[in-house]
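Quick look at what Swiss-Prot lists:
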BINDING   83-96, 288-300  NAD(+) binding site
BINDING   R104, R114, R142, D231  substrate binding site
BINDING   D231, D255, D259  Mg(2+) binding site
SITE      Y149  site 'Important for catalysis'
SITE      K199  site 'Important for catalysis'
Amino acid sequence: MSGRSCKGPFKILVLPGDGIGPEIIKEAVKVLKALGEKKGITFNFQYGLIGGAAIDERGVPLPEETVELGKQCDAILLGAVGGPKWDNLPPEIRPELGGLLKIRKVFDLYANLRPVMFFPELKNASPLKPDIIEGVDILMVRELTGGLYFGEKKRFTTEQGEQAVIDTLIYTEKEVERVVRLGFELAQKRRGKLTLVDKANVLESSRFWREITGEIKKEYPDVELSYMYVDNCAMQLIRNPRQFDVIVTENMFGDILTDEGSVLAGSIGLLPSASLNGKFGLYEPIHGSAPDIAGQNKANPLATILSAGMMLRYSLDCPEEALLIEKAVKAVLQKGYRTGDILEPGTTLVTCEEMGDLVAEEILGGVYDEGLPL
């Protein structure tokens, strides 16, 4: 593409985290280095602590030096956080709340992007019939820093002496507008369809979302907008997932629907995610730290590798290079290589490290037609 520059140097903050995090992040960095060698891109990797690893070494799940490093970088690549070792700590200093949720808030990463992709090579791994799942390509956009999860929470005793609880759901116009606008922009670059998922028949906050979305729609006449209640959406994702292109929703609904969507692909070991604030983003696999297989070279690094691909696309403005990573992953799967979580009869079992090697080798040696679709 003429006039396009994807040479860097790009500064990437790498946060291996806990459990299988260090193993899978190592393979993603390996693939990025191979891409750099192939395409002449300079990556400068900085390493920091987060989660349980940070608690063990610094006493807090998100050290200030990690935040400062992030402010100097173009993007953050994260492995995974958490594990039973830290489950008995107070919630605010556990790896998840004090590390992952806090870094999202510190960098105001307001939009979570999760692609739901169909891999023909894994059609038997999905719980849905192949004729339902075939061709599915959904991008879920979840608001990430507002709503119930971040509102005031309290317990109290009523005048009648009964225990009661309040969780507060608050959204500002700005919080809604920025994530909805991102959804429209993404839909423009895809198939031109946006579905706002809510509960507007019950919730005032959902009616607020609809009003703002309807106004923004006027700026995007080329995007088809539809509305769907969250309960119906949960059903439609199973009955007819191909109807969706871009789904936009608030924090809690998005939390549930993105997990449901992750099952469609057949393995959460394949699904990446991005949490964005404009061009800056944090990229991570959607799966957890899997402490039961940590250190055994069994983990599937493909979701982390594909997260690095998303980083190239959304933060570094390198869409062609992102596509190269995605094609390399697809080529490795087509050749029958599998980690244990997606192993099928007739396929070849490889370790975490070997899978990273295979994708890196595919990037360095693979020959791709630029017009070849994924």
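A Cβ is built for glycine as well, from the same backbone N, Cα and C atoms used for every other residue.
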Shell list (Mg(2+); ref centroid = CB of D231, D255, D259; cutoff 8 A): V230, A234, M252, F253, G254, I256, L257, T258, E260
Rounded Cα-Cα span from D255 (Mg(2+) binding site) to R142 (substrate binding site), Å: 7
Neighbourhood of K298 (NAD(+) binding site), C-beta criterion under 8 angstroms, separation at least six: T339, G340, T351, C352
Coarse DSSP state, helix versus strand versus coil, of R114 (substrate binding site): strand
Cβ neighbour count (within 10 Å, all chains shown) around D259 (Mg(2+) binding site): 12
Nonlocal neighbours by CB distance (under 8 Å) for K199 (site 'Important for catalysis'), same chain, sequence gap 6 or more: S206, Y229, V230, D231, F253
Sequence-distant neighbours of D255 (Mg(2+) binding site) in its chain (C-beta under 8 A, six or more apart): R142, Y149
C-alpha spacing of D259 (Mg(2+) binding site) relative to D87 (NAD(+) binding site), in angstrom: 22
Structural state of D231 (substrate binding site), classified by DSSP into three states: helix
Most Cβ neighbours inside 10 Å, all chains, among the binding-site residues A290, A294: A290
Three-state secondary structure, which DSSP defines for K199 (site 'Important for catalysis'): coil
Assigned element (helix, strand, coil) containing R104 (substrate binding site), judged by DSSP: helix
Candidate nearest R114 (substrate binding site) in space, where candidates are the binding-site residues G83, P91, P95, D259 and distance is Cα-Cα: D259
